[in-house]
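Heads up: the structure comes next, in structure tokens.
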Amino acid sequence: MNAGIIGLGRCIPNRVVTNADLEKMMDTSDEWIRTRTGIEERRIASDEHNSSHLAFEAAKNAIANAGISADQIGLILVATVTPDRPFPSIACMIQDQLGAHNAAAMDLSAACAGFMYGLVTAKQFIESNTYDYVLVVGVEKLSKITNWEDRNTAVLFGDGACAAVMGKVSENRGILSFELGADGSGGKHLFQNDAGHIEMNGREVFKFAVRQMGESALNVIEKAGYNKEDVDFLIPHQANIRIMESARQRLGLPEEKMSTAIKKYGNTSSASIGNALIEELEAGKIHDGDLLVLVGFGGGLTWGAVAMRWGK
Ligand code: UT7
């Protein structure tokens with residue numbers, strides 16, 4: 001028996017901020033942003049909507065999509081670096097709002113690899129028969145920690161939430177292999193500074209990401225007993241199209257077999273991989289039985305990847 005995703009949901013804020021909008025706010029250009037990052041627009045949450053609001057909406061949608069009731073959930077894991085406040089956790093807030101009275105609840109901090117850490121943690125509890133269902137949410141309101149005076153970072157990020165209900169799936173479906181990792185010595189390259197803003201050494205993160213995404217993706221394929229030729233679709237963390245392209249090329253996949261949701265949403269950190277998965281499912285690009293590789297990296301530094309056969 002494997003653990004796999006049995007329901008998905010997301011919450012994407014309505015407000016679209018285009019590169020042209022950013023040109024009016026800072027010394028940047030649509031051309032620079034598109035060619036250096038692949039981003040065309042991003043969504044920004046309204047002032048009255050905090051991360052917990054986005055997380056609740058995404059979770060509600062995922063539970064409905066899974067066809068279970070909230071009180072069947074044994075554990076809620078919310079991956080985020082932008083909780084409403086340090087405590088109570090978003091997981092506890094939405095546990096109450098969802099009526100998930102039987103669920104333990106905690107937030108998880110692994111930056112952009114958070115959703116991968118969440119999926120892999122959920123897998124352990126399900127395959128050990130501890131819980132039947134685990135709710136994993138990735139949510140960020142990065143706009144509230146963005147320094148809008150810093151063009152190096154302000155053009156990159158967006159807000160949003162994704163949620164997955166994990167449960168038992170058939171033998172040949174679900175998460176087949178995983179890799180999680182961290183290198184705390186790289187924490188200085190991407191962090192929240194004392195002013196509360198994102199601070200980043202883009203070039204260092206870029207080098208790390210190019211190396212790690214390709215390596216982790218190849219590792220999980222091998223651990224699952226497959227070759228890169230067997231992969232049907234790649235869902236990389238949506239941070240920079242050039243980083244994503246290098247991972248795709250290492251796997252030898254054609255362009256149409258990788259998600260490029262980054263164009264519409266920018267980098268939504270913990271929400272990025274789940275959101276990209278939903279985007280491609282809705283576009284009809286992922287089918288039952290497809291071999292997927294999901295791979296992310298982020299501040300910490302952290303990374304995580306899974307090989308997954310799609311379906312229940
Ligand atoms: O989820 C994980 C989060 N982070 C990442 O994944 C980030 C990884 N890194 C990157 O994506 C890239 O390093 C960036 C997109 C952040 C930057 O791209 P780059 O090709 O590494 O640019 P750079 O930092 O080498 O800067 C090149 C130039 C600089 O000008 P000078 O010094 O050459 O005159 C920057 O000042 O581009 C300038 N620049 C900009 N120009 C217009 C930096 N940001 C902007 C901007 N608009 N927004």
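Note that the numbers count up from 1, one per residue, in the order the chain is shown.
Cβ coordinates are placed from backbone N, Cα and C, and glycine is handled just like the others.
Unlike curated records, TrEMBL annotations are generated automatically.
Matching 213-217, 238-242, 308-312 against TrEMBL, the residues noted as region 'ACP-binding' span 238-242. Every protein chain shown contributes to the tally, and the Cβ of CYS112 (active site) ends up with 32 other Cβ atoms within 10 Å. Note: the Cα of CYS112 (active site) and the Cα of ASN267 (active site) are spaced 9 Å from each other. Counting every protein chain shown, the Cβ of ASN267 (active site) has 23 other Cβ atoms within 10 Å. Each residue contributes its Cα atom, and for ASN267 (active site) and HIS237 (active site) these two points are 8 Å apart. DSSP assignment over the domain 'Beta-ketoacyl-[acyl-carrier-protein] synthase III C-terminal' (221-310) gives 38 helix, 22 strand, 30 coil. Shown for the domain 'Beta-ketoacyl-[acyl-carrier-protein] synthase III N-terminal' (106-184): DSSP residue counts in helix, strand and coil, namely 25 helix, 32 strand, 22 coil.
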